[in-house]
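S.K.: One structure follows; several queries about it will come next.
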């Protein structure tokens with residue numbers, strides 16, 4: 001829903017959206033490549049506005065569940081920005097004093113059910129991408145009778161776009177570092193079944209004002225979940241950055257790579273590759289796809305950089321580099337930071353992380369996952385449904401193997417079998433929904449204090465403050481884990497050797513690192529997280545920003 005600070009409007013269905021113009025020239029000039037059909041969900045008929053607004057007056061109309069009042073959790077401070085849908089404020093968490101940005105969206109501005117769905121999906125996608133070091137972190141969402149409030153990480157360093165304007169263009173070294181961040185976000189989105197659809201320099205903010213500050217991707221208001229092979233037709237995005245297949249209403253995630261290629265061109269030259277005095281003139285230039293590498297500063301730019309841009313801006317999309325291939329391009333990885341092997345999808349890294357956990361931790365994660373909100377789980381729910389091809393409610397080995405292949409994995413069969421065994425906590429031979437969610441949801445959701453307290457209380461049935469052998473045996477029976485060595489679990493977690501597990505020992509077990517994915521997509525093993533951190537995800541090092 002618009003910019004991080006401005007709360008601008010960008011509904012995929014709004015008839016007044018500036019992106020939805022007459023693309024007659026596309027059909028006249030490119031009839032073989034343009035299509036008006038789509039597998040994307042149709043908006044269908046609209047309900048009367050008055051009836052729609054009456055429904056929105058409920059404090060659960062958008063999120064679908066009750067939330068605490070925003071001002072019970074945060075104090076709201078100065079205004080940071082304002083746009084068509086609402087206002088962004090500085091807010092301070094009452095319990096910790098930590099500062100965040102709060103985007104308050106006026107429900108009266110949501111004129112259709114499609115607008116409501118856009119807000120709901122934006123929140124779901126932000127939760128789904130949580131933990132990536134270059135994606136702004138959502139802290140929570142709140143709803144009352146008048147507003148939906150999205151509380152997120154505060155980024156005070158300004159827009160990447162402003163940095164481009166200030167400098168005209170970046171050095172190639174700096175541009176390559178920024179490219180790694182931007183395309184790393186694209187790769188992470190695609191591996192999690194998300195298409196961004198509105199990448200642009202304005203949607204990347206600097207965390208702080210320092211020159212070495214990290215970049216954070218914001219604004220997922222136009223982003224959508226996609227399945228491999230799915231085709232979309234709604235024309236969205238920003239004129240300078242939109243891919244030709246989007247104008248032709250027949251596109252997939254490859255469009256994000258085109259958009260990233262446009263950003264790389266701007267980083268190196270200070271001007272967009274497709275420019276005209278009018279919006280339709282811009283679209284015409286996009287469809288022609290002619291690149292200017294003759295004007296300044298291009299004669300001084302390396303051939304490697306120009307090769308990358310050409311390959312990112314190829315049409316048709318099937319000839320374009322994937323996000324992973326961009327990260328492996330020599331211009332991007334000249335300093336050795338870019339990955340030297342295919343990136344496993346982020347979900348795959350989480351499965352590997354899960355496989356290193358003991359059985360008590362796996363049970364605890366299942367307990368926590370069951371209590372996560374719908375918007376936190378929506379993305380993983382879609383991935384589960386995509387893998388569960390026979391809709392049986394459980395993923396078989398063959399379904400897991402095929403699903404991982406479609407999401408970009410090239411694991412050997414033995415490795416997939418290991419992941420299957422790790423996720424199949426009850427040893428039924430399949431992965432049910434609870435097991436899938438527990439194995440793939442990012443740990444920053446699972447390590448929050450309220451979740452840990454609830455999970456500990458689940459095991460500590462008598463409220464004594466300790467998990468005993470009897471209570472652990474009871475929990476194992478509930479989870480169909482009859483073969484678990486109770487004594488071994490107690491011995492592993494019980495740090496003071498009193499034969500039981502207190503809350504501190506339980507938290508230490510839950511926060512102990514196993515395998516994590518770092519900003520450039522590579523896996524590190526045995527990397528512990530600190531007990532005081534709310535977000536166990538690592539940050540991108542200065543060499544990879």
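Glycine residues also receive a Cβ, built from the backbone N, Cα and C atoms like all the rest.
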S.K.: If you look at how Swiss-Prot annotates this chain, which of 245-275, 276-306, 307-337, 338-368 comes out as region 'Autoinhibitory domain'?
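M.R.: That would be 338-368, the stretch labelled region 'Autoinhibitory domain' in Swiss-Prot.
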S.K.: Record says 388, 390, 392 bind Ca(2+) 1. Source is Swiss-Prot. Which of 399, 402 does it list for that same site?
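M.R.: Swiss-Prot names 399 for this Ca(2+) 1 site.
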S.K.: Which one of these stretches, 9-33, 34-58, shows up in Swiss-Prot as region 'Disordered'?
M.R.: 34-58
S.K.: Quick check on the annotations: Swiss-Prot lists region 'Disordered' for one of 506-525, 526-545. Which range is it?
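M.R.: From Swiss-Prot, the annotated region 'Disordered' range turns out to be 526-545.
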S.K.: Which residue counts does DSSP yield for the domain 'EF-hand 4' (486-516) in the helix, strand and coil classes, in that order?
M.R.: 17 helix, 4 strand, 10 coil
S.K.: Starting from the Ca(2+) 1 site formed by 388, 390, 392, 399, give every other residue of that chain whose CB sits within 8 Å of the mean position of their CB atoms, in sequence order.
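M.R.: Sorted by sequence, the hits are 387, 389, 391, 393, 394, 395, 396.
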S.K.: Using DSSP reduced to three states, classify residue 399 (Ca(2+) 1 binding site) as helix, strand or coil.
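M.R.: DSSP call for residue 399 (Ca(2+) 1 binding site): helix.
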